[in-house]
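Chemist: Please read through the structure below; I'll follow up with questions.
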């Protein structure tokens, strides 16, 4: 056991986590040079295309150190995005230490901090590594000072390496062996294994990635899942080297996979504990805290026949992505679908893209909303994440919106732009500290503003240099109202949104004008209105197409023409009563893109 090292690689987006893991795999001979591909561990196509890591992946390597001993390194490559920070905390639960990778050119960024603090809270040993020292703009001295100054861990003798060219990779491996502690646990005790991750394989059923805390799990053992009490047989156990490699047993301190032919999707939930069916452990390990979704949106299949396959797809995805929450929803405009909870907008985009690619579905998304706390006049408190569930205005005593604490790191030349943006988003400044060339800003912002397009706007006002991380702190009373869109006097539930009172006029007008462009002309006039309660605040009309009914009259009496025109008028009136207007897909998307 003293030769096992479990660690995660944590870093800000694009500081070279995945490339560093590629080098470690190559150095330890996990894959031959022929099998190496850039970003070996980013197994999804989306990950490769966008160049981001979404799922944490684990690898087991053997490394012969300079002291002549062979060490088993289990490491987990983690995502860097704010939206996936829970993936990071999950990976850390399986480790004793973490490599904090910092780009020697960019320096410390917000996500570096956030992930590092997560690790320190879990009593991890954090080992700083300065990456990209081959770049002309690399300044390892300055960055080492920054790490000590902002993060507060020793970095004077941090390892310097370049994952791209392979300089210093040996040193990284030596530091891992020297500085990261070996796992603790009782090899003789009853089995306790923590499920770090699970995914569904259509041939093998559920594949679970586990970390053995105590005891030994052998192939063919009968084990039970502690939360459900179900018993299974361990058909295959093994490790990823990154290829799936079967072994006969997983010992205390090791990280590996287990396949037990579990067919029901929620058979082995992430964060659960496995133990032997006979003489097992009495109590489960401390799992992970359940992540609460921050953003909700409705997703609807374009053709109603896809509803069942959509549900299956969601079930399979939720096994792999423990933060996904969904419940059935119906909309008069869009039919049957699901209300889905996400961790942020990037997460939402990725999930939608995975559903469309991996499961061949065509989906419509409604505007994302956050959760509001509402105190009704009866004194009851409810939580609403769907604008159409909002009680009538006269039943609401008080509406409270979620506030997040946002930490932004920005080079000082862009400070002004960023402050202007935060003020525009109704932010309250809490703190401002200078660290050398960087400024650390702390703002309290309404989550609804952060979720919509804050990240993109922040990047564009700071030329991509600012970075942010945020977490929910509390609900705060706010003047929020529901804005409805009426088409010919009928509410379109999928277009409703909850917004701040100060924005109704501008948002209402913008929406109405956008709808006017996007809804095709019909044979009768269409009124598009924006309303709050019963008060109409903006309106525009889509004019009818007309047929020239008098074209066939040459000369003759004017009353003949009048008769034909009146007949047309009657027909249009009748049509307007029964005619319904199809709202095209683009109109729903327009709500999301209103700020452009």
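Any Cβ shown, glycine's included, is placed from N, Cα and C.
Per Swiss-Prot, the features are:
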- 2-184: domain 'tr-type G' (DOMAIN)
- 14, 15, 16, 17, 18, 19, 131, 132, 133, 134: GTP binding site (BINDING)
Chemist: Please state how far apart, in Å and to a whole number, the two most distant Cα atoms are among 14, 15, 16, 17, 18, 19, 131, 132, 133, 134, the recorded GTP-binding residues.
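Modeler: So the maximum pairwise Cα distance among the GTP binders is 17 Å.
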Chemist: Sort residue 133 (GTP binding site) into helix, strand or coil using the DSSP assignment.
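Modeler: In the DSSP reduction, residue 133 (GTP binding site) maps to coil.
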Chemist: Just checking, which of 14, 133 (binding-site residues) has the fewest C-beta atoms within 10 Å of its C-beta?
Modeler: 14
Chemist: In sequence order, what residues of the same chain, 6+ apart, have a Cβ less than 8 Å from the Cβ of residue 131 (GTP binding site)?
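Modeler: Correct list: 11, 15, 16, 20, 101, 102, 103, 104, 161, 162, 163.
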Chemist: Taking DSSP as the reference, which of helix, strand or coil describes residue 16 (GTP binding site)?
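Modeler: Note: residue 16 (GTP binding site) is coil by DSSP, not helix or strand.
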Chemist: By a simple count, how many Cβ atoms lie within 10 Å of the Cβ of residue 16 (GTP binding site), its own Cβ left out?
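Modeler: Its Cβ has 24 other Cβ atoms within 10 Å.
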Chemist: Specify the count of other C-beta atoms within 10 Å of the C-beta of residue 18 (GTP binding site).
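Modeler: The answer is 25.
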Chemist: Please give the average pLDDT for the domain 'tr-type G' (2-184) in this predicted model.
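Modeler: Within the domain 'tr-type G' (2-184), the model's average pLDDT equals 75.
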